[in-house]
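According to TrEMBL, the feature substrate binding site maps to ARG52, GLY53, ALA54, ARG93, GLN199, ASN250, LYS251. Annotation comment: TrEMBL describes 103-133 as coiled coil. Annotated site 'Transition state stabilizer' per TrEMBL: CYS160, in sequence order. The feature active site, proton donor is assigned by TrEMBL to ASP240.
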Amino acid sequence: MTGNQEPSTTALLWHGDHLALLDQRLLPEREVWLTYTDADGVASAIRDMVVRGAPAIGICAAYGLVLAARQAARYDDWRALIQSAARTLAGARPTAVNLSWALQRLQSVLNDADDAREAIRRLDLEARAIHDEDVAANHRMAEHALSIMDHGPFAVLTHCNTGSLATGGYGTALGVIRHLWHQGRLTRVYADETRPWLQGSRLTAWELQQEGIPVTLNTDGAAAQILRRGDVRWVIVGADRITANGDVANKIGTYGLAVLARHHGVRVMVVAPSSTVDRSLSSGDDIPIEERGADELRMIQGLPIAPDGISVYNPVFDVTPADLVDVIVTEQGVTWLQTPSSL
Ligand code: MRU
């Protein structure tokens, strides 16, 4: 892994023999690109949040497996080595299903390869296809979403970061928000800061500000006060896993936000590619929820903000029950979970 300079409008760049990642831990203060040449490095980057966001980590895992194949090619047991790397990549983070979904797609093309050279070629093509399809899906989701929203203009509130930094490009919920803005249908975006990792303040506010989209940053705790004022018509969020019954795992705080939205008569839209839908799980109770280290709450930039040794509970995702979600938008279309009566 080495540091260098790359353009900042995307989270990841694939160069065929290495993967470049914009280090999201350092944004917005510094734009540093890191270079990865093996699967273990990519797995660490996903685990340590150099790259994050469900679709982006799926795409990175796919490219990570291509790197594994390139390294395995000189050994007789190349296939077993690639499969071992796939297990390492799949274990990097537990909640977003996009990671195992992407790796399963690559494993199935691996089964069709008779030699290591062919495996590299097929895996590379499939990883690039996953990346391209994600960008195309984001644009389709934005079009589907706008087709069911009233003309506006209105304000929206979002949580976490679901933009170019979290996907192959453009974004899921943030793609919808970008599209609303370009169509003249958006007055303002309220961005929850998204404690504790601050994806909202460090990433979403940065992405939107760079494009001149009006954004107001608020603490997560201010959401109720904002929704009460009445100018926000939609809460628009992404997802890390959607189960067969429509339950949605997303960044911690989404569940509470959905409760607030229902209380204030504000619609909740979940925007995610079909790669985020996990029909093998019947409900959100079965989704593994990642817990991260205590220091994410005890410290900010290495400075203590809580008593030394304090007990901490830090689940970084929650599950919003389907009955609090109004509509789920994927690239395949729109699914209403509640009656669209008052639109
Ligand atoms: O912990 P993170 O930053 O990977 O969590 C990201 C989210 O929860 C996003 O809302 C989700 O992955 C959708 S990104 C298009």
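Glycine is no exception: its Cβ is also placed from the backbone N, Cα and C atoms.
Annotated features taken from TrEMBL, shown on the structure.
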residue : record                             : Cβ within 10 Å
ARG52   : substrate binding site             : 25
GLY53   : substrate binding site             : 31
ALA54   : substrate binding site             : 28
ARG93   : substrate binding site             : 23
CYS160  : site 'Transition state stabilizer' : 30
GLN199  : substrate binding site             : 27
ASP240  : active site, proton donor          : 30
ASN250  : substrate binding site             : 29
LYS251  : substrate binding site             : 27
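Close to ligand 1, meaning a Cβ under 6 Å from one of its atoms, are these of the binding-site residues ARG52, ARG93, LYS251: ARG52, LYS251. Between the alpha carbons (Cα) of ALA54 (substrate binding site) and CYS160 (site 'Transition state stabilizer') lies a span of roughly 12 Å. Classification of ARG93 (substrate binding site) by DSSP places it in coil, neither helical nor stranded. Proximity note: of the listed recorded positions (CYS160, ASN250, LYS251), ASN250, LYS251 have a CA within 10 Å of the CA of the residue listed as 'active site, proton donor', given in sequence order. Candidates ARG52, ARG93, GLN199, ASN250 (binding-site residues) were compared with CYS160 (site 'Transition state stabilizer'); those inside 10 Å Cα-Cα are GLN199, ASN250. Listed in chain order, the extra residues whose Cβ falls within 8 Å of the Cβ center of the substrate site residues ARG52, GLY53, ALA54, ARG93, GLN199, ASN250, LYS251 are ILE57, THR95, ALA96, CYS160, ASN161, THR162, ALA166, GLY238, ASP240, PHE317. In the three-state DSSP scheme, GLN199 (substrate binding site) falls into the helix class. Confidence over the coiled coil (103-133), given as mean pLDDT on the 0 to 100 scale, stands at 97.
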